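According to Swiss-Prot, the features are:
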ACT_SITE  His104  active site, proton donor
ACT_SITE  Glu434  active site, proton acceptor
ACT_SITE  Arg619  active site, proton donor
BINDING   His86, Leu87, Ile88, Arg114, Val136, Lys137, Arg138, Ala139, Asp140  (6R)-10-formyltetrahydrofolate binding site
BINDING   Asp347, Asp368, Ile369  NAD(+) binding site
BINDING   Ala393, Tyr398, 432-433, Arg460, Asn492, 526-535, Tyr613  UDP-alpha-D-glucuronate binding site
REGION    1-304  region 'Formyltransferase ArnAFT'
REGION    314-660  region 'Dehydrogenase ArnADH'
SITE      Asn102  site 'Transition state stabilizer'
SITE      Asp140  site 'Raises pKa of active site His'
Amino acid sequence: MKTVVFAYHDMGCLGIEALLAAGYEISAIFTHTDNPGEKAFYGSVAHLAAERDIPVYAPDNVNHPLWVERIAQLSPEVIFSFYYRHLICDEIFQLAPAGAFNLHGSLLPKYRGRAPLNWVLVNGETETGVTLHRMVKRADAGAIVAQLRVAIAPDDIAITLHHKLCHAARQLLEQTLPAIKHGNILEIAQRENEATCFGRRTPDDSFLEWHKPASVLHNMVRAVADPWPGAFSYVGNQKFTVWSSRVHPHASKAQPGSVISVAPLLIACGDGALEIVTGQAGDGITMQGSQLAQMLGLVQGSRLNSQPACTARRRTRVLILGVNGFIGNHLTERLLREDHYEVYGLDIGSDAISRFLNHPHFHFVEGDISIHSEWIEYHVKKCDVVLPLVAIATPIEYTRNPLRVFELDFEENLRIIRYCVKYRKRIIFPSTSEVYGMCSDKYFDEDHSNLIVGPVNKPRWIYSVSKQLLDRVIWAYGEKEGLQFTLFLPFNWMGPRLDNLNAARIGSSRAITQLILNLVEGSPIKLIDGGKQKRCFTDIRDGIEALYHIIENAGNRCDGEIINIGNPENEASIEELGEMLLASFEKHPLRHHFPPFAGFRVVESSCYYGKGYQDVEHRKPSIRNAHRCLDWEPKIDMQETIDETLDFFLRTVDLTDKPS
């Protein structure tokens, strides 16, 4: 059976050996050039291919059409991937009639993504395994063909677990490859509700934060022990690496990071104590703990830092452009609730953020992003995370001012995206549920749903396509230039401070604010085209909590992801929204200050929005990516959101001239 193989590392070598032993004909092998900065303790796929007289290639981009065509010319019947580090495109999968199969180092659906070997140790797991699964567009999500469990012993470190996994993989392939060859396999779909996903790890992820329990720090040491880069800490500005450790249930009142003793070298933790058995100062040699203490000048009572003293207290700097807006001001409140964020904000007004202006970790400048380009570039360079939230996002403006929508929403934001590329800063970009347009799927899915908009002579779509093109530009920068990004798509977030009643008076607001204005002024609630259009309304608190988790980015799980943030359970038509709002209004303690309800009035969209408008019948999100990447799901019922939003706006109204 002819096959093309994508392989790297020890797993790649043993996968190739297993294929040859099972009688497969390998037409070509695709691998990687070795990274000179990486300690190469593993076997070389390139050397093995050369020894076995098999053509071997290491292209920068195997998904390029030229390489796809070359692979097609090889006419593979089946494709295998063994620890190949790049995603392989659908076009390549489809070249093999029997499909493509990948070997993954975990018990899928747990620990999808990168570095599962290290992550299971970091998280203190007692079991892992290897999985052979069918390859699909989403990484590690295809049906399972075979699995083998591997126990993780308390004394296992990364290299010993690696050897166990290699042994298990060899067994699994010996058992399974003949069945694939004869088309005799049973595939089991993965349970998406059990899936977890982890991102790549870098050496900087292995800081030892002494306020954590000793068991957690010991697991970190195990996960990145030699030949991985090692867990590390600092004495002042002197970095040292911990190669092996032991947990001591030492009851001590010492501050975390304090040296309890130097022989053995025992460090107080948030819970218990960690003995540093072996370690290394700087780029020196490995030595046992008490000698390391002497080398570092440690005595009982010395304090260790998780990072150099000069940066130990630096907060993550978050730049929010459009900080006075609905999302911006609520996000600022959530970030400042923690003690490890510094927020820098720009906007043309400050009414919604006045409560933060005296906060020591909030820095605000009043200005326009189209004018203050130098300030913005400087702060993109200065900050760690950038959220460009400035946009015209009210439907009436799409038909009333389409060019202004394009200039602000697309052109100004493109400049900010390019700053992030230039200075290698992480960008969290607010796309929109509008990008799905007139998609007919029951649930709008980030990875599979088609994005469908109307004809060019319907300017209503200029917002949608401006956002969609920016999404595609960001994605391309991520693929080609390594931009660290996450795209999030809010689905009808609502709550206090959504627009304002003055904006609603000129029609430039979202639906609920417009409806509240109608109730406050005693004017009819206008139902555009009957108000039958359905939306899924999401409480701002749920939305902001998801966005906060994106900023936190635990395990880099959000990198390169597109994430819907919405509440599919809170689906209602605009008419139903109006009825729920009216019922809440009639029960409100301030109701007697306002005019009688003037009823509902059906109006045509062309009369309300003007020429060139089209509406969407439904818009319901799939939130699988939010579950997978954020461990998030919305919790707040729509009625509670309506009640709180209405209460907020009614209490902003000057009641002196209202009837009583």
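These residue numbers are counts, starting from 1, taken along the chain as shown.
Note that Cβ sites are derived from N, Cα and C of the backbone, with glycine treated the same way.
Between the C-alpha atoms of Ile88 ((6R)-10-formyltetrahydrofolate binding site) and Asp529 (UDP-alpha-D-glucuronate binding site), the distance comes to 46 Å. In this structure the residues listed as binding NAD(+) are Asp347, Asp368, Ile369; their two most distant Cα atoms lie 8 Å apart. Note: the Cα of His104 (active site, proton donor) and the Cα of Ala393 (UDP-alpha-D-glucuronate binding site) are spaced 43 Å from each other.
When the CA atoms are compared, the binding-site residues lying within 10 A of Asn102 (site 'Transition state stabilizer') are Asp140, out of the candidates His86, Asp140, Asp368, Ala393, Lys526, Lys532. The binding-site residues shown are Ile369, Ser433, Lys526, Lys532; of these, the one with its CA atom nearest the CA of Arg138 ((6R)-10-formyltetrahydrofolate binding site) is Ser433. Listed in sequence order, the residues Leu321, Gly322, Leu346, Ile348, Gly367, Ser370, Ile371, His372, Val390 complete the 8 Å Cβ shell around the NAD(+) site centroid, once Asp347, Asp368, Ile369 themselves are left out.
The recorded positions listed here (Val136, Asp140, Asp347, Asp368, Ile369, Arg619) include Arg619 as those with a Cα within 10 A of the Cα of Arg535 (UDP-alpha-D-glucuronate binding site). A gap of 15 Å separates the Cα atoms of Asp347 (NAD(+) binding site) and Ala393 (UDP-alpha-D-glucuronate binding site). In this record, (6R)-10-formyltetrahydrofolate is bound by His86, Leu87, Ile88, Arg114, Val136, Lys137, Arg138, Ala139, Asp140; the longest C-alpha to C-alpha distance in that set is 16 Å. Annotation for the binding-site residues Lys526, Lys532: lowest Cβ count within 10 Å of the residue's own Cβ, Lys532.
All protein chains included, Arg138 ((6R)-10-formyltetrahydrofolate binding site) registers 18 other Cβ atoms within 10 Å of its own Cβ. Checking each of the recorded positions Asp140, Asp368, Arg619 against Ser433 (UDP-alpha-D-glucuronate binding site) by C-alpha distance, the shortest gap belongs to Arg619. His86 ((6R)-10-formyltetrahydrofolate binding site) and Glu434 (active site, proton acceptor) are 31 Å apart (CA-CA, integer value). Sequence-distant neighbours of Asp368 (NAD(+) binding site) (same chain, 6+ apart, CB under 8 A from its CB) are Ile348. Annotation for Ala393 (UDP-alpha-D-glucuronate binding site): spatial neighbours Asp409, Thr432, Tyr463, Arg510, criterion Cβ-Cβ under 8 Å with sequence separation of six or more.
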